[in-house]
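If you look up TrEMBL, you'll see 6-27, 34-53, 59-82, 94-117, 123-144, 156-179, 191-212, 224-244, 256-276, 288-307 marked as transmembrane segment.
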């Protein structure tokens, strides 16, 4: 429990600094935009690459990957069924709300929590790899089909994967790891230094985003969708991860604790990006991301106490 509290304190301080910077407009009107692009296109991929080449291939492509994938798919299906049956949403809103309940913030929050709470950034890599290489391209393809009325295209799916810098970094890191290559220090050290920008940059940008949010607005509607997705994200998905890890993959101790913690991460901000891109449920996904980010702190405290961490 002390590790969780300490880890969240570090995260909370950096997020608070970011919120203060946003409130004072210290970085100007484009500050958060630049910081997000810096971490997404440069520092984040560097972090993924150096974390992969220093990790164990069996950990990356292990039960952790399978649990992350299955827990996400089960949560997505449950959310979609409940949304269609009880909330009677159309197909595009059903897609975006169900993914909001299952797409975890593996980059902006996953790496910091893995670093400060679990003590090992590489534990977040299976989740990040699943989402970047499979889940995100798949959901964006389905959403595009739902909005446009066109059938999903294999070519469009491949293009989505190929232009994602995180996926490119993952592929490069896996190649180095898989072929057991030993890169010289003059190659890895600059990448490692740039990677150091990633976690604080992500947290600062997230803190800055909080100053522009007005969550749960009555005028925006979709309150039932927000409550449903938030509940499934913070309750159902960790429970699915625990059940799968414990009974399907026989995980125990720290390994089981890690998959449950990572399943309780908040909704990924790229769900909001997709919602804005296709003009479907923008306010809803923003509010879900914000509320799950706050609720994650409570959820992880409960998980830590149950595991005696």
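Using the three backbone atoms N, Cα and C, a Cβ is placed for every residue, glycine included.
Bear in mind that the values here come from a model prediction, so they are computed numbers and not experimental data.
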The transmembrane segment (34-53) in contact with the transmembrane segment (256-276), cutoff 8 A, at least 3 CB pairs, sep 6+ = no
Key: Cβ pairs under 8 Å between the transmembrane segment (224-244) and the transmembrane segment (191-212), at least three   = no
Request  = Name the range, of those listed as 6-27, 94-117, 123-144, 256-276, 288-307, that has the largest tally of Cβ pairs under 8 Å with the transmembrane segment (59-82).
outcome  = 123-144
Inquiry  = Using Cβ distances below 8 Å and needing 3 or more such pairs, separated by at least 6 in sequence, tell me whether the transmembrane segment (123-144) contacts the transmembrane segment (288-307).
reply    = no
Request  = Tally Cβ pairs under 8 Å between the transmembrane segment (288-307) and each listed stretch (6-27, 94-117, 156-179, 191-212, 256-276), then give the stretch with the top tally.
outcome  = 256-276
Query = Do any residues of this chain, six or more beyond the ends of the transmembrane segment (191-212), have a C-beta under 8 angstroms from a C-beta of it, and if so which?
reply = 11, 14-23, 27, 31-32, 35-36, 38-39, 42-44, 46-47, 49-51, 107-109, 111-112, 115, 269, 290, 293
Remark   = Checking 6-27, 94-117, 156-179 against the transmembrane segment (256-276) for Cβ pairs under 8 Å, the most are found for 94-117
Key: Close approaches to the transmembrane segment (94-117) from elsewhere in its chain (Cβ under 8 angstroms; 6 or more beyond its ends)   = 3-4, 6-8, 10-11, 39-40, 44, 47, 51, 71-73, 75-80, 83-84, 123-124, 127-128, 131-132, 135-136, 139, 142-143, 146, 166, 198-199, 202-203, 205-206, 222, 225, 228-230, 232-233, 236-237, 261-263, 265-271, 274-275, 278, 280-281, 284-285, 288-289, 293, 296, 300
Remark   = Long-range CB partners for the transmembrane segment (6-27) (under 8 A, at least six residues beyond its ends), listed in sequence order, are 34-35, 109, 112-113, 115-117, 200, 203-212, 297, 300
